[in-house]
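Heads up: the structure comes next, in structure tokens.
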Amino acid sequence: MKFKHHTGNNGNRKCECGFESILPELLPWYLFVIVLCIRIHYVLQPKNWWLLHPDEIFQSVEVAFSEVYGNGFRTYEYSPSTTNVTTPVEEQEMNQGMYSLRSFLYPQFFAVIFAVCKFVGIRLNCYLVGRICQCVVTSFTPVAVFRFCRTLFRCRGTASIAAMLTSFSLHISVLGTHTLVNSFISPFLFLSVDIILQYLLKPPAVTDFSNDESLYNDSSSRYNHTENGSASIQCTMRDINSNLKIQKNPLNGAALQEQKNSLEDGKIVKEVKAKKSKPKKHHLATRHFTLDINVMLLSMSGFVCAIMCYMRPDTIIFLIVIGVSFLFTYRDNVSIKKGRYLTGTVGSGFAIGLIVGGLLDWYTYGIMFISPAQWLKLNVASHVPAVLYGTNSPYQYILDIFASCKSELCFNIFCLAALVMMTQTEYIDSVDQKSSSSLLITLSCMLIIYSVIAHKELRFVHNVLIIIEILAAYAIHGALQFINSLLKFTKDKIKIVVMVFSLSVGLNTYMNFPSYGEETILPWKTVTPTDSSDINQCLFFISEQNNVTGVFIDNSIYTIAGFTILNHDVPLLTLIHHEYHEYRSGGYIPRTDLSYKTPRNLYVINRYSDIIDVTNIHYLSKRLLESQEYNYVVVPNKRVPSFSQLGFNKAPFSAGRYSVLQRLLTPIESTKLSIAGKNMPLGKNSTIMEYEASWLYTAGLYTKAIERLENAIELNNSRVRPFQLLASSYANKADLTKAKATEDKCILGHGRTACRKPQPRIVIHEDYKQYSVN
């Protein structure tokens, strides 16, 4: 087999596949509009408000919302180091390095947009604003991929197929509709790499700006035109990358017209030579202008790459792998001068980007460059993520990417066969095979590196997914070329083939796209998605009410969009794992750095004001009766009758399996419920009381811990640890008299040896045993 094809290093040759003539010039921008409309329509549907991962809230829009409105949740990733450690939970966080792990760069993108909306008076819910803005950014990915492929393969047909595959890729489409940093950085990353790659693939004669002889002394080279009719030495990046037949000429208008007339007459006239000095002046000006543009573009590319790496530190692995693979593949095209030029421009931009990220860290955490250092320390140098989030099979990525469904498996087998076939094809040159080999090396290395990591999530390999789509486009392009060479398709038939292929890819994504209440959503979930969608719809309804004073949510905090969708600064009681956590006003993060000079109601998720085990129904009821500011609850439909006894007897809204209940009480009813709550016990199980007290003690809530421990000892005084915790709680409150009395009581009942010996922490939930410490 022998295909006519282009050469990667020679901008004068182009692909002769014939696909360019049937594909519209603005195809990537058409795809951008189509993808954007589809994604915005998707996220505006309430049934699609399910969470792919809690990080899409608590590492993005929730942080931004709290920055603008002053209230919201913060996870340990966005919390500063504790300067004065006073509680066990603070000590654990400091020992494990669980603080200042993320830069505020990504949330600041949303914060700026939220601030503008607030200033202008747009009342659209910030959760929807965040997802729409994410869709706008991620919809540029096909455009970035098109430019990258066009530069790499010098074929608009291959680039167009890659853009279509990226637009309708199932994995990329799902990740692109959720506010995750992994999908956010991809378009910026590939656009930046494209600019660097354009310069890397330039012939040495074009990029060697310091070669004065070639620029000035060789008079013939200054007017030596390529087959395209362009002056090769004057080409900018945009000129070299384009397939236009006629490009801008560096000569001034008069000289250009004179030369054009001369060429039409079939001879070189002397008038052009007579103006030799004048064009030379313009040549120098044009040369310096081109150089400045290159410097700015390459520096900006380095700057953007640095910002992306600061947002997500493991991006540096992708840049190193793809950079090394391309430099090795095109090593003959890289001179020492070009290497120095690239290092100077890209490196300077990268350094400036790192400084910007470091300054933001100093502004938010008080220490420059702390977030990438902490991220690497926790995620690379420790096993904490594997313990906290679990481990996966080494083959997890292979199965999820290449065999997620039958149609995906068949498509990947076809692309693999096409790639194998193309290795047996005789090309005019082997540059395309070099380019595909570089991508294959990048793909293999990235999959190996990420497969070694214990904890795996598909979002981590978002850039790898794009590389796979590019390789698939290269394979499909070759297969279509081969079929066309055998069957001699007409232009209309090629159009039909391309249309059928595009519709097939789009239909496959539509058929397998996660949707409300279907099994197709299950492979994607880290929480129960249908519950998440139902609960967020309920919270959206509450956000539009004006009389909200407190909200109870009978489900996990990791299924909701936080205060971003609730949009009320009120007390919140919600579930985390097996315990209800209460967050009340005044729980702001104390800061000493520049960004937090005034108190805010920023709730760190593990800094609760009270905790209730799911089995302690008595204390939960007591808390809701006594704290009557909780006037809205979101509960499963099957539990609605039990809450009617607590005064919640109105259901103004429901979504799926969840309902919103409202409590409207008269003064007499309020008094009765309050008295009933005060007469209810803290609990009737000493084990549960000790368990809750242990959590309260760890969080430094010694007053509440004392209440539970005294109740636990009253119910059952056979265990030693409640006495130990009670004595320590009194000591931490500086009540040494009661601490000594509690210790004496323990010694009297259990002996001095037992009371002085550390006792194991009680664990009542199986999945907590791996975290149990003395």
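Yeah, the Cβs are placed from backbone N, Cα and C, and that goes for glycine too.
From the options 295-314, 435-454, the stretch TrEMBL describes as transmembrane segment is 435-454. If you look at the transmembrane segment (435-454) against the transmembrane segment (460-482), you find at least three C-beta pairs under 8 angstroms, all six or more positions apart, and that counts as contact.
Note on the transmembrane segment (27-44): residues 128, 131-132, 135-136, 138-140, 142-143, 146-147, 159-160, 163-164, 167, 173, 176-177 of its chain, located 6 or more positions outside it, place their CB under 8 angstroms from a CB of the stretch. The list of residues near the transmembrane segment (316-334) in space but at least 6 beyond its ends in sequence, with Cβ under 8 angstroms from a Cβ of it, reads 9, 189, 193, 197, 200-204, 305, 309, 434-435, 437-439, 441-442, 445-446, 449, 463-464.
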